[in-house]
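Features reported for this protein in TrEMBL:
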TRANSMEM  12-29  transmembrane segment
TRANSMEM  49-73  transmembrane segment
TRANSMEM  93-126  transmembrane segment
TRANSMEM  132-152  transmembrane segment
TRANSMEM  197-218  transmembrane segment
DOMAIN    218-383  domain 'DUF418'
TRANSMEM  272-295  transmembrane segment
TRANSMEM  315-336  transmembrane segment
TRANSMEM  343-364  transmembrane segment
Amino acid sequence: MSKKRIGFLDFLRGFALYGILVVNLPFFAKPMYLVGSVGENSNLLDSVASWIVAFLFESKFYILFSFLFGYGISVQTKEWEEVESRGRYLRRLAGLFLIGLLHGVFLFLGDILLSYAIVGLIAWLIRKKSPAWLLKFSLGFLFIAILCRMILAFGQDEYRSRLASSLPDILSETRSAYLGSFWDAAKQRAKDTVISYPFTILFQWPSILSMFALGIAAGKTSFFERWEQSKNGLKKSIPWLLPLGLSGNLIYSIHSRSLFVENLSLSWQLGFSILDTISAPAFTICYVYWLGIYYHSETSFSDRFWFESSGRFSLSNYLGQSIICSWIFCGWGLGFYDKLGNFQLLFLAFPIWFFCILVSRIWIRFFSIGPVEAILRAVTYGKFRNIRLF
């Protein structure tokens with residue numbers, strides 16, 4: 001029998017969906033080669049918006065979602081009978097893999113579900129380890145993430161020099177494809193996904209696995225069920241985490257937007273890689289602490305249900321956001337590809353996110369589970385279950 005849903009978990013998922021959308025929008029709206037580059041901003045407002053996204057959003061919310069995914073692994077595998085647990089878990093990952101593959105080709109080149117499905121195989125192997133072991137494992141993969149960031153940093157200049165001569169033709173081809181038919185866009189998106197996936201593996205996979213392990217450890221200690229106790233522990237760490245998060249993300253924001261000189265020495269690259277890797281989780285933990293205080297206060301009573309509705313159907317909302325964004329920017333829809341600046345994109349994120357919340361609020365009146373969640377559950381359990389009407 002399933003435990004009662006923890007509203008704060010859905011609240012965090014709903015909040016994370018907004019942060020993920022803010023980061024993803026530029027990748028829907030323009031060629032991936034321009035995102036975060038020196039030449040992507042035509043005015044001061046766009047530059048400021050790009051910096052805000054880097055400072056407050058980038059690398060924080062996929063980390064938060066990865067932590068929550070790990071927490072879910074811990075909860076689900078405890079609920080399932082051991083004899084059925086492996087089969088259900090592997091079928092669930094297979095379902096995520098297929099959904100992620102379709103999502104990556106037909107909707108969004110920055111899909112995260114495919115990575116979750118692959119990295120989730122390792123998470124299965126560590127699910128029974130103790131919280132102390134999982135914490136060490138998590139820290140170990142943060143160290144691996146630092147090494148991977150260094151590899152990316154040292155390969156960046158050579159990659160840019162190789163790309164420079166062919167970039168105008170690539171950009172022209174990319175714009176033409178995304179402003180063409182649905183199938184033209186899908187073919188280009190598949191190509192972009194293949195090109196960008198080595199970056200995804202190095203930049204995201206170690207951090208994802210680190211957060212999976214931390215989430216599993218949190219599940220074993222009933223972190224969210226025992227929030228008052230957990231909050232007190234977090235409170236003691238905030239004086240250390242907040243300065244690290246603020247300073248590290250400030251430097252990351254400047255560095256990632258190419259405002260420092262190029263060809264930096266090994267020591268500088270090492271320093272940036274360490275800050276880039278550890279400051280985002282530090283800031284994310286601060287977000288969880290602040291949101292937890294807000295959620296459990298009387299002030300949030302009228303707001304929490306909006307976030308919870310979105311988070312309860314997080315998979316459907318994640319894909320729904322992609323459908324809306326593809327329709328806005330691709331040629332088979334409104335055709336705004338490469339026509340909006342970062343400042344406009346930053347403000348576009350909220351109405352898209354809020355529209356999905358409204359749909360979720362309507363959906364929840366009639367159904368107990370989201371449409372994509374229902375499909376994934378059917379795959380997980382090996383049979384279709386009825387979507388319960390209210």
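Glycine is no exception: its Cβ is also placed from the backbone N, Cα and C atoms.
Keep in mind that what you see is a predicted model, and the values were worked out from it rather than measured.
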Which stretch, 12-29, 197-218, 272-295, 315-336, tops the Cβ pairs under 8 Å count with the transmembrane segment (132-152)?
197-218
Beyond the flanks of the transmembrane segment (272-295) by at least 6 residues, Cβ under 8 Å:
7-8, 11-12, 15, 58-61, 63-64, 67, 142, 145-147, 149-150, 153, 207, 210-211, 227, 230-231, 234-235, 237-238, 241-242, 244-249, 251-252, 255-256, 264, 304
Which listed range (49-73, 93-126, 197-218, 315-336, 343-364) shows the maximal number of Cβ pairs under 8 Å with respect to the transmembrane segment (12-29)?
49-73
Is it the case that the transmembrane segment (197-218) and the transmembrane segment (93-126) touch, counting contact as three or more CB pairs under 8 Å in which the residues of each pair are 6 or more positions apart?
yes
Near the transmembrane segment (343-364), which residues from the same chain, at least 6 beyond its ends, have a CB less than 8 A from one of its CBs?
14, 17-18, 21-22, 25-26, 29, 43, 45-46, 48-49, 52-53, 305-307, 309-310, 312-313, 316-317, 320-321, 324-325, 328, 370, 390
Sort out the residues at least 6 away from either end of the transmembrane segment (93-126), same chain, that have Cβ-Cβ distances under 8 Å to it, and list them.
20, 24, 27-28, 32, 62, 65-66, 69-70, 73, 86, 133-134, 137, 182, 186, 189-190, 192-193, 196, 200, 204-205, 208-209, 212-213, 216, 315, 318-319, 322-323, 325-326, 372, 375-376, 379-380
